[in-house]
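Working notes, beginning with the structure itself.
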């Protein structure tokens, strides 16, 4: 009986193409082909590719953290305000407005911002695990609280005079690719290694798939959940730091433009399941590029910006439909 | 009683193929009105596939279905219901927060002439069916407040209400307490007297000899034989099902008592269990018998650190331990195989590989880096050792049969090489072949000097395997029987055990 049944998991080319990241890779390639054919001169130019990479980086990094929360069975709707808080914190500690030459060296300021991100994630984790709050509610509440604390602490004013040492991050390249994109690539690799090779990463899957089984198997729900949301907090903080460098100033409204939803969209397009226990870093990586490519390429070929956003929304729905079908085979 | 009359439903040479698998290889089967016809076979024999073909969930690749002599195509479950085919499954299929009456008419609430819901009609109709079947439930009760046994009766009543002419019972006694089984059988007899054809699927072969008229055996998707129940016995049936003699599956080797591995003193959890004290030894199987709800699972979960308790002491290998959570119990060498493997034992959406290793990463990783090669090796080792049937280590657990799922859970705990292993109802919903393999495994563990605690509500199983048996009733230890006391007059002294389990002290 077992020999007969093994034929059902045959690894034919078609099944490989249509499972896992196959479909979305095909979609990405198709998008590139379409845009290249229509306006290849602009779309494929060095400047545009750089621009594409820069704008994807911030979303892509946030999405890495979001994927961990989704795999863990929840979501981090506080990502946007964590981005904003990190941006303001790093601005505050490096700005010439506050202290001559900045309060602390740039690197220390970035570290403080990351720690703040981790702290926000920790609070989310405790609210969700010990407080028993649904992640949706806990993180939405934090989103509002953090956004308003930004306004309260920093008096809703832009922080300028950021050192060029910091803002140059958005301009520099390393090995020919923008530093921001490079950071994104490195973080994607780290995230992939973490969820595949570390017990903590595996535990995120276990808790997201069946928290009670995980608990009875000796996994600490609190450590895993706090860890997942802290990771998301750190990713959002890094994204916020980079975004701030690109903007050139500490702007209180940084991160308020639906970053959470783009991050969720990238994860779902990449194969994550909102019910937990499923998700892929490569998928999220490709998902983020797909969404940004549509925006970027779409503008270049002259499409209406609103129409573009509608298409982005439609893509999310189609991606989930596609995933459901391959999942039931 | 129509035993020789024309069948209500006849399946002729049903073949069902899925990509790469012939799940049914030409099965012929019929049910007469007023007959209780058992369908038996190991997991993977094709029973659920056959039922799904009948109920319109699958379409047969070839073969015909005749209802009252007329050939029918059952396109979908809705049509199956309209044709008078009904099924009662193990997972009670009711909306918990609604009332019994609402569940009867779910999706199809009758309206008054003003367009509002006709509650009076709903409750009157539902109560009528419940009363006809002598089911002691009020149609206005909320389902959540009923016991599992009552919920099952409600499911059955609903099927009868929908005027089913053929009702399929799939493992109906799996979740019932012993006394509820009697009530269920009475109900099934009443339905039989109404002329309904009943298909009865169960792994508990004694039940078949208690209430069924005929029995059909399937093996590996093929039809083996149909017999009159009075012309056969359990041993012969098992031989037909499995192709080998398993009558002595409870007959395992017993080993001498080793040191005391686990000692529990006056363990108490207010309102759940009280002053539980016992000792469990290496190389021995300590059985825990009791009725459903007696508190055995709660006691073991408390020992394992999964639940809190109020007072008492736990000693492992002679040393007192304060176990705060499952992790610390595991570190001290205790493992617990939970009662509900789907909800508490497995991450169904994840692979066999993942589930096998998820509790023992500390043993296959260095500095937080998992050695994938070791991980895969372990999975393959336990699949081989337990003869788990799975196409690959990456197969998702939700796609395995009950017996194989249970083997994966056992594999997870074998990975830890625990000294004390607590098995909570390890063979519920597991077919005969896999059951025998699990018993052999338990024997192997005791041979290695492990201490096994076996919670079971099934006396032949527990009395067959255990060296000593504790009986728990309503959270209290009523008595402990030694193996030598299990038999009385050449038979299992089930009465004595049941008396203790019912709270009657000796």
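Quick reminder: no glycine exception, Cβ is built from N, Cα and C everywhere.
It should be emphasised that the depicted structure is a prediction, and the values quoted were computed from it without experimental measurement.
Positions annotated as transmembrane segment by TrEMBL: A:21-40, A:60-90, A:102-128, A:175-195, A:228-248, A:268-291, A:303-322.
At the 8 Å Cβ cutoff, the transmembrane segment (A:102-128) and the transmembrane segment (A:228-248) share at least 3 close pairs (sequence separation 6 or more) and count as touching. Between the transmembrane segment (A:228-248) and the transmembrane segment (A:175-195) there are at least 3 Cβ pairs closer than 8 Å, counting only pairs 6 or more residues apart in sequence, which means the two stretches are in contact.
Among residues of the same chain six or more beyond the transmembrane segment (A:303-322), those with a C-beta under 8 A of the stretch's C-beta atoms are 23-24, 265, 268-269, 287, 290-291, 294-295.
Proximity of distant same-chain residues to the transmembrane segment (A:21-40), defined by a Cβ-Cβ separation under 8 Å and at least 6 residues beyond the stretch ends, is recorded for 269-271, 280, 282-283, 286-287, 289-290, 293-294, 297, 300-301, 319, 322, 326.
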